[in-house]
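S.K.: Below you'll find the structure I mean.
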Amino acid sequence: LSLKQELKPGAWGNRTTVTEFILLGLTENVRLKPILFVVFLFAYVLTVGGNFSILAAIFVEPKLHTPMYYFLGNLSLLDIGCITVTVPPIVPYAACVSQLFFFHLLAGVDCHLLTAMAYDRYLAICQPLTYSTRMRREVRGALVAICCTVSFINALTHTVAVSVLDFCGPNVVNHFYCDLPPLFRLSCSSIHLNGQLLFVGATFMGVFPMILISVSYAHVTAAVLRIRSAEGRKKAFSTCGSHLTVVCIFYGTGFFSYMRLGSVSASDKDKGIGILNTILSPMLNPLIYSLRNPDVQGALKRVLMGKRPPE
């Protein structure tokens, strides 16, 4: 993506203020750009179509009207939003900051929603007698509301902190979307406070949720291992496998991306990590959740073929 560079005189004499950023994208090779455009367009259509299919399956299949699939439906909406704000081109400074806000808002909700899903699995396997009470509709709605509120505060904090930084040029962002690490490298003012805010944000948005997920699955593992039959253990673990796969992909790419802020040469590697985090993960989630789930597969077939669910 090439944008015109526009620099205006600032309030400090010869200093200039960046009003637009140039997003270099994934490559500067002219021959590769049309191929990458087709590949990412296909990925975008596949992701949106796959996640809308999951939403339709959850909506039409009564068997999927459970807390776990309620959270999965919200996760599908987040995946659609995440790839939408990062793959299509974003233009000037204000749009870049807006993209930064929405990306961190959606990614933050994703973090906490995965935690809520781990808590759901803990209650379903370790506290089955009280599961329906503890995961009633009001509780599910409250959990999603908390996820959105915490993520909104985190995204707004980072966006405001970046918006007060000085960008005096160059204005070339070595990435395919606007994010904190590449913008920090372009700032001509101190980013010490931004680094501290990012550390605190990563703790609340990444470390704490990961600890809660680990604790939940430690209890789940202990409970499953107490099941005597091998078939029972397999069935219990199968309900958690898809969620654990998504957690590993999401947190693995996220931690690797934001724990290397000191490396200036990391931009090219960050692009690859960004593809995993913002494109491949949302694209694979529908496949991961439907691959070994006969209920989801049956609902998807009925949606695609226009059939009604059995009474």
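Every residue, even glycine, has its Cβ placed from backbone N, Cα and C.
According to TrEMBL, the record shows the following:
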type: TRANSMEM; residues: 35-60; note: transmembrane segment
type: DOMAIN; residues: 50-289; note: domain 'G-protein coupled receptors family 1 profile'
type: TRANSMEM; residues: 72-95; note: transmembrane segment
type: TRANSMEM; residues: 101-119; note: transmembrane segment
type: TRANSMEM; residues: 139-157; note: transmembrane segment
type: TRANSMEM; residues: 197-225; note: transmembrane segment
type: TRANSMEM; residues: 237-261; note: transmembrane segment
type: TRANSMEM; residues: 273-291; note: transmembrane segment
S.K.: The transmembrane segment (197-225): which same-chain residues, six or more beyond its ends, come within Cβ distance under 8 Å?
M.R.: 108, 111-112, 114-115, 118-119, 121-122, 125-126, 150-151, 154, 157-158, 161, 180, 233, 236-237, 240, 244, 247, 251, 254-255, 258-259, 261
S.K.: Across the whole of the domain 'G-protein coupled receptors family 1 profile' (50-289), what does the mean pLDDT come to? Round it, please.
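M.R.: The average pLDDT of the model in the domain 'G-protein coupled receptors family 1 profile' (50-289) works out to 83.
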